[in-house]
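Q: Pasting a structure below so you can have a look.
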Amino acid sequence: MEASRGPPRVKNKAPAPVQISAEQLLREAVDRQEPSLQAPTQRFADLEELHEYQGRKRKEFEDYVRRNRINMNNWMRYAAWELEQKEFRRARSIFERALDVDSTSVPLWIRYIESEMRNRNINHARNLLDRAVTILPRVDKLWYKYVYMEETLGNIPGTRQVFERWMSWEPDEGAWSAYIKLEKRYNEFERARAIFQRFTIVHPEPRNWIKWARFEEEYGTSDLVREVYGLAVETLGEDFMDEKLFIAYARFETKLKEYERARAIYKYALDRLPRSKSITLHKAYTTFEKQFGDREGVENVILAKRRVQYEEQLKENLRNYDVWFDFARLEEQSGDPERVRDVYERAIAQIPPSQEKRHWRRYIYLWIFYALWEEMEAKDIDRARQVYTECLKLIPHKKFTFAKVWLMKAQFEVRQLNLQAARKTLGQAIGMCPKDKLFRGYIDLERQLFEFVRCRTLYEKQIEWNPSNSQSWIQYAELERGLDDTERARAIYELGIDQPTLDMPELVWKAYIDFEDDEGEYERERQLYERLLQKTDHVKVWINYARFEINVPDEEEEEEEEERPISDEAKRRARAVFERAHRVFKEKELKEERVELLNAWRAFEHTHGSPEDIDKIEKQMPRRVKKRRKLDDDRYEEYMDYVFPADDQSAANLSKLLRMAHQWKQETAGGQQ
């Protein structure tokens with residue numbers, strides 16, 4: 001019972017010695033198939049028996065066509081049977097009856113015509129074909145049958161007449177090609193040429209013009225080929241141009257080694273066809289230039305290809321200024337001034353839609369590059385000046401301006417040795433839309449011209465317009481210092497540090513201190529540090545103050561040129577500054593600043609101090625400890641804090657004092673009891 005359950009198991013899984021393929025199985029199945037039944041051959045003993053059989057078959061066929069008149073297969077089987085019986089008149093009658101039912105049945109016409117041709121009834125077949133093409137003039141199969149029969153019979157004029165009747169209906173391209181092939185077979189090239197002329201009028205597709213040109217190339221002259229291509233270009237116009245036509249034309253000229261003609265054809269086509277319709281043309285032109293052109297020709301091909309590419313990108317977005325930059329550089333490389341101007345003029349016409357400066361930043365460089373090209377490359381000074389002028393007119397200066405354009409216009413006038421125009425330009429800029437960059441550019445110009453009085457005037461106007469600009473005060477003072485007018489420089493610094501709205505006052509203070517240091521006015525410098533410390537307790541100020549004190553020479557050292565070691569007085573002054581700073585930070589509990597100060601103090605002692613001084617400062621260095629503090633949401637967080645030994649000692653002394661006071665109070669109370 002257990003062994004009978006489940007699928008049978010294969011004990012021997014090795015392959016059989018004889019393998020049977022699917023092909024072998026199919027072959028055996030076909031070989032063993034039983035033969036189909038065949039109808040017995042009928043034999044008629046006499047004519048009466050034949051007539052009886054024919055009558056019976058005709059009755060069957062008549063019943064078939066009567067029951068289903070529109071089924072042409074019944075009619076055609078009936079007519080075919082009559083043809084087998086050599087009853088041609090009856091067969092014609094059946095075909096005519098069928099045509100009365102459906103005169104548009106092409107298979108019926110074909111069967112009728114072929115039966116007449118098979119029995120060599122040529123005139124009957126010709127009449128049938130004439131009737132058929134008259135009733136169904138758009139059925140090419142009937143026309144092909146007609147011309148084939150006439151040509152087979154050697155009736156070439158009749159064949160031409162049939163073709164002419166057919167061509168009057170303006171059939172498909174295949175019919176015209178068949179007519180042309182007929183004339184070519186009989187060497188009637190003039191007739192074929194005339195047919196091509198009519199053919200290209202009815203079907204003016206470029207491929208048909210190419211067929212005509214190849215015909216002329218084979219049987220005509222090169223002038224006729226050029227005439228065909230020229231007529232094709234003129235007929236098609238720019239709307240229906242095709243790259244294949246120009247490629248074929250150029251290759252024909254290349255065969256004749258007319259390389260300049262071929263190049264002109266390629267360029268003509270590339271200038272007129274859009275990029276999407278001339279990809280293959282570009283490849284063909286590139287290949288042509290590589291084979292037959294020079295280096296300049298190959299570069300022109302690449303330029304033309306990129307030119308079309310940029311045009312396609314600009315069709316998608318005319319305000320893509322990056323594409324305009326690339327396009328302009330491309331034309332500048334080509335060396336055609338008119339093309340360069342055309343691209344720049346088209347580019348600057350794409351004004352940003354909004355009056356927001358971020359939209360104008362890229363656009364304004366088109367004007368700048370245009371003006372520079374006119375000046376440097378085209379050498380057209382008047383046109384460059386006009387470009388700058390038009391650009392400045394276009395910018396909405398009441399909302400924003402571009403100092404770069406004003407400055408470049410002024411520098412352009414300087415290069416033309418027209419200083420008055422340059423000053424007028426910058427003066428107009430400062431009057432319309434003052435900016436720090438404009439002032440700096442104007443001042444740099446006057447400084448290069450050694451017009452220091454004008455520089456002073458400009459600095460005064462800049463400070464009057466924007467007194468919060470620290471750099472303006474510093475540069476003004478440096479100008480006066482460069483002119484050896486230290487009193488004016490010092491007065492400017494004094495005015496600068498007194499300004500309450502400075503954007504970066506620390507720069508002015510530092511410049512003032514460095515100025516006094518360079519002048520050797522150490523007492524003034526010390527006073528400046530003291531005044532600065534009244535305004536701020538920044539740790540860097542204290543550290544720089546201490547470094548200043550260590551570097552200040554004594555009166556005897558000032559007179560000597562040789563360097564001497566740092567005096568004890570200088571070290572004492574520096575330590576005094578460090579100690580003052582340490583007290584300030586300790587009182588204000590500024591731990592981070594205190595640590596930074598102690599690090600600088602320790603570095604100072606390691607460099608200039610004694611071992612006792614170093615040990616003293618090391619004892620003051622803090623240690624980092626981890627502490628916890630409570631947050632607003634009753635949670636705790638850990639943080640790193642600094643613990644200073646001096647603070648611990650003070651706390652310990654205070655704790656000891658309190659403990660002694662408490663003990664004394666207890667003793668006093670016990671004695672009274």
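Note that Cβ sites are derived from N, Cα and C of the backbone, with glycine treated the same way.
Swiss-Prot feature annotations, pasted as is:
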{"type": "REPEAT", "residues": "86-118", "note": "repeat 'HAT 2'"}
{"type": "REPEAT", "residues": "120-152", "note": "repeat 'HAT 3'"}
{"type": "REPEAT", "residues": "154-185", "note": "repeat 'HAT 4'"}
{"type": "REPEAT", "residues": "187-218", "note": "repeat 'HAT 5'"}
{"type": "REPEAT", "residues": "220-255", "note": "repeat 'HAT 6'"}
{"type": "REPEAT", "residues": "257-291", "note": "repeat 'HAT 7'"}
{"type": "REPEAT", "residues": "335-369", "note": "repeat 'HAT 9'"}
{"type": "REPEAT", "residues": "379-415", "note": "repeat 'HAT 10'"}
{"type": "REPEAT", "residues": "417-448", "note": "repeat 'HAT 11'"}
{"type": "REPEAT", "residues": "450-482", "note": "repeat 'HAT 12'"}
{"type": "REPEAT", "residues": "484-518", "note": "repeat 'HAT 13'"}
{"type": "REPEAT", "residues": "520-551", "note": "repeat 'HAT 14'"}
Q: Just give the helix, strand and coil counts over the repeat 'HAT 10' (379-415), going by DSSP.
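A: So the repeat 'HAT 10' (379-415) is made up of 27 helix, 0 strand, 10 coil.
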Q: Mind checking which residues reach the repeat 'HAT 5' (187-218)? Cβ under 8 Å, same chain, six or more beyond either end.
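A: Cβ under 8 Å, 6 or more out: 167, 170, 173, 176-177, 179-180, 224-225, 227-229, 231-232, 235-236, 240-242, 244-245, 248-249, 252.
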Q: Should anything in the same chain at least six residues away from the repeat 'HAT 2' (86-118) have a Cβ under 8 Å from its Cβ atoms, list it; otherwise answer none.
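A: Same-chain contacts beyond the ends: 65, 69-70, 72, 75-76, 78-80, 124-125, 128-129, 132, 135-136, 139, 141-142, 145, 149.
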Q: DSSP helix, strand and coil counts for the repeat 'HAT 12' (450-482)?
A: 27 helix, 0 strand, 6 coil
Q: State the residues, same chain only, that lie 6 or more residues beyond the ends of the repeat 'HAT 7' (257-291) and have a CB under 8 A from a CB inside it; answer 'none' if no residue qualifies.
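A: Answer is 238, 241-244, 246-247, 249-251, 297-298, 300-302, 304-305, 308-309, 311-312.
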Q: By Cβ distance under 8 Å, which residues at least 6 away from the ends of the repeat 'HAT 10' (379-415) in the same chain are close to it?
A: 348, 351, 355, 357, 360, 364, 367-368, 370-372, 421-423, 425-426, 429, 432-433, 435, 437-438, 441-442, 445
Q: Taking helix as H, G and I and strand as E and B in DSSP, count the residues of the repeat 'HAT 2' (86-118) in helix, strand and coil.
A: 27 helix, 0 strand, 6 coil
Q: Could you tell me how many residues in the repeat 'HAT 4' (154-185) are helical, how many are strand and how many are coil under DSSP?
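A: In the repeat 'HAT 4' (154-185), the DSSP-based counts are 25 helix, 0 strand, 7 coil.
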Q: Let's see if you can do this one: DSSP helix, strand and coil counts over the repeat 'HAT 9' (335-369), in that order.
A: 25 helix, 0 strand, 10 coil
Q: Who are the long-range neighbours of the repeat 'HAT 11' (417-448) in its own chain, taking Cβ under 8 Å and residues 6 or more past its ends?
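A: Beyond its ends, the repeat 'HAT 11' (417-448) has Cβ neighbours at 397-398, 400-401, 403-404, 406-407, 409-411, 454-455, 458-459, 461-462, 465-466, 469, 471-472, 475, 479.
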Q: So what's the mean pLDDT when you look at the repeat 'HAT 13' (484-518)?
A: 86
